[in-house]
Amino acid sequence: MNNHTLNIIILAAGKGTRMQFDHPKLLHLLGGKPILEHVINLAQSLCPKTITVIYNKQYKKFKIKNKNNSITWIKQKKILGTGNAISQIINNYKDHENILILYGDVPLISKNSIQKMLLKKKNSTITLLTAKLNNPEEYGRIIRKNKKIVKIIEYKDATDEQLNIKEVNSGILIVSSTNLKKWIFQIHAKNNQNEYYITDIISLANKDNHKINSVRPEKNDEIQGINNLLQLVRAEKIYQKQQAKLLLLSGIMIYNPSNFSLRGTLKHGKNIKIDHGVILEGSVKIGNSVIIEPGCIIKNSTIGNNCTIKAYSIIEKTIISNKCIVGPFTHLQHGTVLKNNTHVGNFVEIKKTTLGSYSKAKHLSYLGNSQIGQKVNIGAGTVTCNYNGKKKLDTIIGDNVFIGSSTQLIAPINIKKGTIIAAGTTVMKNIHEPSLVYNEKKQIHKKL
């Protein structure tokens, strides 16, 4: 089929009341992005003539945020069912074209399954995506007579006998625009929901002796709909299983795929090992020969080659260069850059700071708004005091500086390269030349 005659309608106007949540259903996240976005991405990958999203007022902000000249957004005036939604726009389409109907709450459909439908559509007026399920739950049932599809009955309108049918309707179908224009205005709302069902066109097509084909999805999991939080969790599990499988097949060792979560995109090299309970969010890049230990959370960050991220570290909007060691229990916040061969250890927090090559902060420190040179030692308990109550202030530390334990650096401050700062020192002024810096303190002994 020529996709230049393919028009896609995405139905996204349902109220989502079964979610029991004060958040639009299709804006809940699946794999780190809104449910609806998955369906839009699928539609765009098919390169159709047009894409139209029929939405309700809950999605106005999402529409504005995702404004795209290739997508038309139509607000459903009254929420009276899928048939009513399509009747609002059907006359916008030319005759003798094809219309693919997707659902905003069925986000796991693969491109391969849709392409199978497109091929089958050449020999029919309507092609449905159906599946046989051992536990059909609340799906509409496919009614056949002598193997021929004659009707779709929705779950709430089905008899007990019909509910025993295992073949179900995914909702996804391809139909000719010419016939849809005719049938869409013949359907009625005489059902338990008092809604106009798009599925009623099947019985109308059968009466007019039109051929109705069906196609099975690549996997039954693809047709998982999302109407409540339980189904969302189920869909997330399916999605993460798919992502873990793809990564394993591409050479990433994931030790516990059932406890790995990719909530965005990952670009990666070779020889990567990811342990139990790791979460990757947003856009993440990982180089070659990287080890990520249990419980790490990595968001919108880049990790270079030959790095080890030790257990329970949190890394966000950070660039880590090559041969670095991070963690365990390290928090790297936005604006952090670790140059080659750096080592950041236990209970160290870094924010808006560049740590130069071969520098190390191995224990219990806070470094904020800092530029730190090469081969600098940050002793345990070092704190950059970078906030004066009104604004953040900068700390600059030159190369080869040694900072002893339990040191406070009062920003703004500039410390010359080669300086040695003794343990327990509070540094309040710039150090303009290599120096030994300490605060005089008396050690007092009193007899008990």
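Each Cβ is built from the backbone N, Cα and C atoms, and glycine gets one as well.
If you look up Swiss-Prot, you'll see 1-229 marked as region 'Pyrophosphorylase', on the strength of sequence analysis.
Taking all protein chains in view, 23 other C-beta atoms sit within 10 angstroms of the C-beta of ASP105 (Mg(2+) binding site). The secondary structure of ASP105 (Mg(2+) binding site), as reduced to three states from DSSP, is coil rather than helix or strand. Swiss-Prot lists ASP105, ASN227 with the feature Mg(2+) binding site, giving sequence analysis as the kind of evidence.
Here the region 'Linker' (230-250) has long-range neighbours at 19, 28, 30-31, 35, 107-108, 221, 224, 257-258, 260-262, 266, 268, meaning same-chain residues at least 6 beyond its ends whose C-beta is under 8 angstroms from one of its own. If you look up Swiss-Prot, you'll see 230-250 marked as region 'Linker'.
For 251-448, the entry in Swiss-Prot reads region 'N-acetyltransferase', with the evidence type sequence analysis.
Under 8 Å, Cβ to Cβ, and six or more positions away along its own chain, HIS363 (active site, proton acceptor) finds GLY345, ASN346, PHE347, VAL348, GLY379, ALA380, GLY381. Swiss-Prot lists HIS363 with the feature active site, proton acceptor, giving sequence analysis as the kind of evidence.
Sequence-distant contacts (6 or more apart, same chain, Cβ under 8 Å) of SER405 (acetyl-CoA binding site) comprise GLY379, ALA380, GLY381, THR382, ALA423, GLY424. For ALA380, ASN386, TYR387, SER405, ALA423, the entry in Swiss-Prot reads acetyl-CoA binding site, with the evidence type sequence analysis.
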In whole Å, how far does the CA atom of TYR387 (acetyl-CoA binding site) lie from that of ASP105 (Mg(2+) binding site)? 46
For ASP105 (Mg(2+) binding site) and ASN386 (acetyl-CoA binding site), the CA-to-CA distance in whole Å is 47
Spatial neighbours, same chain, of ASN386 (acetyl-CoA binding site) - Cβ under 8 Å, 6+ residues apart: GLY368, ASN369, SER370, LYS392, LEU393, ASP394, THR395, ALA411
Cβ-Cβ distance under 8 Å to ASN227 (Mg(2+) binding site), same chain, at least six residues away: GLY16, ARG18, MET19, LYS25, ASP105, GLU138
Largest pairwise Cα distance, Å, within the listed acetyl-CoA binders ALA380, ASN386, TYR387, SER405, ALA423? 22
